[in-house]
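**Q** Just passing along the structure, written as structure tokens.
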Amino acid sequence: LSETMSTNEKKPPLNGRRALPSNNSNDEENEVPEMEAFGLIPRGFNPKDYLHVVDVHMFKEPHEINKQQHHTDKYYSPKLIVRRGQPFQIQIDFNRPYKPETDQFWLEYLIGRYPQQNKGTYIPILVGDALKPGEWGAKITHKENNSIRLSIMSSATCIVGKFRLYVAVWTPFGILRTHRNSATDTYILFNPWCQQDAVYLDDEKEREEYVLNDVGIVFHGNINEIKLRSWSYGQFEENILDACLFLMDKAELELSGRGNPIKICRVASAVINSRDDNGVIAGSWDNTYSYGVTPSAWTGSVDILLEYYSSKQPVRYGQCWVFAGVFNTFLRCLGIPARLITNYSSAHDNNANLQLDFFLDDEGQVDTKITKDSVWNYHCWNEAWMTRPDLPVGFGGWQVVDGTPQETSDGMYRCGPASVQAIKHGHVCFQFDAPFVYAEVNSDIVYSRRQKNGTQVIEKIDTTHIGQLIVTKEVGGDGMMEITEEYKFPEGSAEERLALETAVMYGVKKQTTQDTTYQPQMDVDMDFQVQKAVLGSDFKVTITFRNKSRNNYTATTYLSGNIVFYTGVPKNEFKKHSFSAKLEPSSSSTFDVLIKSSEYLSDLLDQAAFHFFVTARITETGKILAMQKATVLEIPTLRIKTQGEMVAGKEMSVTVEFTNPLKQTLENVTLRLEGPGVLRTMKKEFRQIPVNSTLIWEVKCTPKRPGLRKLIASLNCDALRHVYGELNVQIQKP
């Protein structure tokens, strides 16, 4: 058989530290002897005189008992896939009826190349009278002619991966084994339905969402304009399970550690990004995506994982939601409940001091040379559900894991798992990376200005801007569910103060403002609003002052408009405007600044994001008012339509339409369309779409599975990115 290793294989080099080399590949195998003699074999010995295995039936079809009971019927794989800690059935056909008095046989499950019983990589199972919950065992449930039916229980803590199965028969002169047969390979996954499993989740609706749903929603945009798009996780698609197991091989995670969701999440958060280990996705935030796919063009995880599985090289390119989407696929595929989270106004603090420092120059403009921290309009990460036996009681449940490379943790770009509960209460001493996540959702923004004599004046401290809204997709629907209160107590509450003090006690650095003078201008308020606008149109920014004093004031006001990456890092300033505002006593005044499309279109980035800074200096008092806001333009959507009846196994037609909204011709446009269970990703290139003209693309496909499915499309070109469309389709049974 092709899968057995050749006998003259080179032995691994000897290593003085361990008797056996490390066993960290699920793909490699050892050779198992079909006849293991106890000594000299007498001349008259004929193995055929003894019990002999003719065939093994795995009941591995999607409609058969195992995949139905184990919720694995959606996996597009011909092999048996079961979840740990729950019994499954197999049938063994012998050459004659089995006689328990004299015949002795057992099962052997092996994984990796150097199986050892104490490592859980070699598992012999004797047939007993009863199954113990959550422990390896087998019992006969049915005997008929030459066949027996077995119910097999796997351990609720066993290794997750692909096992090889052998049936061994005892004879007086040696052990006879079945030969290597890949058709009997058995995948064992995590089991959120089993109470003894570390990932047990007790709500059926949540299990259907967080383990079995193969599409999801990514919330993006910014706090004032929340946008959403669908993402195809596709964890059940062909070869995805093997690709996910390969990620653990790539990360060189010892097989014996692969029953532990904490370890799996930690190594996966490193291998999802390509930094320091040639992992799955190469990140790029610089708006040039040569030799790769623009992050916004991906519609799901399947293409990325399959490309990585075949090329073994990082796939280009990703940004936070791509890392999070692929990570979610990995977790759900292995059976770990997972969800994708968006944190709006997410702090990326370079030195974990719970404050983002924005430095202003004399004029009150931000000094980009020395301002190093940034506020991401949004940042996506994942939560995975598991117990935390390594932490005190009460810190199990949702854990933050983040595959986007931001800062190193123990020398590698990875983050988590960090207990959400520990972050909320400020217990950031508990592993892994809780202080970094705490800062992402709790930092203050401090505006300070260096005066001519060298002293630093703090002009404003904004304690509410960061982590204003944390959301995920609701269970069983496409709506948004706010989970901010899972991460933090209400702003300004006593509990919030206590959590902060706890975090500081456990070593989160919090700078005090005592070494600098801070006397804000109390009697004038300033705010500004950005008009909602469609990409390609003009819009205005309205600045409002409220003078609460009895004095006349003059405010010298600066507006700076920057085109920014969604990470809050500016690309360039496209609008500079200053004016003098007269503020009457006890009254409000508003001022409009017009932004023309010609000022921003040539430099626009992926997500059509702007960042406005407004600073005003009160002439009479010298005090400065400062405020910043991010805004996103409305991006037109793709329209998806279907024609004819939609029946599993029958050809149907899908049309994607798009009208060019810009005052310029779009060039080199790429369209992508995918839908798990309906069609594999299709791509189409268009050379040009003239102004105001409509592109129409028709695709024929044959849906595989009945049920409610989602079609997802994206359009991408240099002038226009983040254009999406989606459609729910009901596929009928044939």
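Glycine is treated like the rest: Cβ placed from N, Cα and C.
Whatever TrEMBL says is automated annotation, not expert-curated.
So TrEMBL has the following annotated:
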type	residues	note
ACT_SITE	Cys320	active site
ACT_SITE	His379	active site
ACT_SITE	Asp402	active site
BINDING	Asn442, Asp444, Glu491, Glu496	Ca(2+) binding site
DOMAIN	312-405	domain 'Transglutaminase-like'
REGION	1-31	region 'Disordered'
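Could you place these features in context, so I can see how deep they sit and what lies close by?
**A** Listed in sequence order, the residues of the same chain lying 6 or more apart from Cys320 (active site) and placing their CB within less than 8 Å of its CB are Trp376, Tyr378, His379, Cys380, Trp381, Thr404.
Residue environment of His379 (active site) contains 28 other Cβ atoms, counted within 10 Å of its Cβ in all protein chains.
Within 10 Å of the Cβ of Asp402 (active site) there are 30 other Cβ atoms, across all protein chains.
Residues near Asp444 (Ca(2+) binding site) in space but far in sequence (CB under 8 A, at least 6 apart, same chain), listed by position: Leu354, Gln355, Leu356, Ile461, Asp462, Thr463, Ile466.
Looking only at the domain 'Transglutaminase-like' (312-405), the predicted model's pLDDT averages out at 90.
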**Q** Pull the DSSP breakdown for the domain 'Transglutaminase-like' (312-405) and write it out as helix, strand, coil residue counts.
**A** 15 helix, 40 strand, 39 coil
**Q** Sequence gap of 6 or more, C-beta under 8 Å: which same-chain residues meet both conditions with respect to Glu491 (Ca(2+) binding site)?
**A** Thr463, Thr464
**Q** Cβ distance under 8 Å to Glu496 (Ca(2+) binding site), same chain, sequence separation 6 or more: which residues?
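**A** Those within reach of Glu496 (Ca(2+) binding site), by Cβ under 8 Å and sequence separation of 6 or more, are Lys488, Phe489, Pro490.
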**Q** Just the number: how many Å between the Cα atoms of Asn442 (Ca(2+) binding site) and Asp402 (active site)?
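**A** Roughly 17 Å, rounded to the nearest whole number.
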**Q** Once the chains shown are all counted, how many other Cβ atoms turn up within 10 Å of the Cβ of Asn442 (Ca(2+) binding site)?
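**A** If we count other Cβ atoms within 10 Å of Asn442 (Ca(2+) binding site), we arrive at 24.
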**Q** For the recorded Ca(2+) site, whose residues are Asn442, Asp444, Glu491, Glu496, find every other residue on that chain with a C-beta no more than 8 angstroms from the centre of their C-beta atoms, and list them by sequence position.
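**A** Neighbours within 8 Å of the Cβ centroid, excluding Asn442, Asp444, Glu491, Glu496: Thr463, Thr464, Ile466, Gly467, Lys488, Gly492, Leu500.
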